[in-house]
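Inspection log for the structure reproduced underneath, given as C-alpha cells.
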Amino acid sequence: MSIYLIALLPVLGWGFMPIIANLRKSTPEEQLLGTSISALLFALILFWILSPEITVLSFIVSFISGIFWSFGQLLQFKGIAASSVAKAMPISNGTQLVGATLFAVLVFREWQTVTAVIIGVVAVILILIGVVMTGFQKRGNHITESVSFHVYGIVILSSFFLTLYVVTNQLFDVTGFSIILPQAIGMLTCAIGINLAKKTAISRKNVTFNLMTGLSWSIANLGMFLATAVLGVATSFSISQACVIVATIGGILIFKQKKSPLEWTFILSGILLIMVGVVFLSLLK
C-alpha cells in the first residue's frame, strides 16, 4: 500500500507544479530559475544521502538532458502564461506522451507486432482527441476550440524538448539515481544562461517563491524513481500521468475559471480519453 502512496507523489507533484508557479505573477524565466535552484538543492541532498556512482558518460548525458528540460520547461511556462494552466497542461501532457511514443517506435523499435501497432495507434489517436477536447469552449450556442495556434505551437515545441529530456538517458542506457545531480546542474546552468540572455532585471522574491515550484517537481521526480523500481515502468508511468487531472481541474478551481456544464463535459471527457490512451500505452511497455 505504501508504494502506491509513493506512486501518487508524481501525480500531486507534477500536477500542482504549474499551479504553484502561477500563484504569483512571475515571468517564465523567473519560474524556471527558481524551479532549477530548488531542483539542484534537492539533488545535492539526495546525492549526499545515497552517494550514487557518477561516471563521465552518465554526467555528460544527464547534464545534456537537464539542458533539454530547461528549454522545454521554459516554453511550457510561456505556453501557460499565454493561456492558462487548465488549457496548456493537457496539451503538454498529451503531446509529450505522443512524442515519447513516437521516439520509442522509431528509435527503439518497440512495436514489433501487428497487435502492438494497433493498440499504439489507437492510444495516440485517443490522446490527441482528448487534448483537443479539453480546449473546447462554449461561445453562444456554439462550441469552439479556445486554444490558439500560437499556444499550440509553443506547447508542442516545449513537449519536443521535454521528450528529449526524457529519452536522452534512455538512449545512452543511463539509469538510476546517478542521473539526478548532473541533470539538475544542467537545468540550473541553462536557466542561468537564459536569464542572463534576457538582460532584464529579475525579481528575487519571484525566484524565491518558485523554489516551491522546484520542490514540487523534485518530490514528483523522486516518487517516480522509487515507484518505477518497485512497480515497474508500465504501472508507475500510468499512475503518474494522472497529474493531468490535478493540473487541469486544480487549475480551473484554484484560479476560479468559470466553466459551463457543457464545457466541463468536454474537459472531463478529454481527460478520460487521455488516461485511456495512457493505459493502452502502458500495455506496450
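For all residues, glycine too, the Cβ spot is worked out from N, Cα and C.
Feature list (source: Swiss-Prot):
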TRANSMEM  2-21  transmembrane segment
TRANSMEM  31-50  transmembrane segment
TRANSMEM  55-77  transmembrane segment
TRANSMEM  111-133  transmembrane segment
TRANSMEM  146-168  transmembrane segment
TRANSMEM  172-194  transmembrane segment
TRANSMEM  207-229  transmembrane segment
TRANSMEM  233-255  transmembrane segment
TRANSMEM  262-284  transmembrane segment
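Among the recorded stretches 2-21, 111-133, 146-168, 172-194, 207-229, the one sharing the largest number of Cβ pairs closer than 8 Å with the transmembrane segment (55-77) is 172-194. Only residues 6 or more beyond the boundaries of the transmembrane segment (233-255), in the same chain, are considered here, and those with a CB under 8 A from a CB of the stretch are 4, 7-8, 10-19, 22-23, 84-86, 89-90, 93-94, 97, 134, 220, 223-224, 227, 267, 271, 274-275, 278-279, 281-283, 285.
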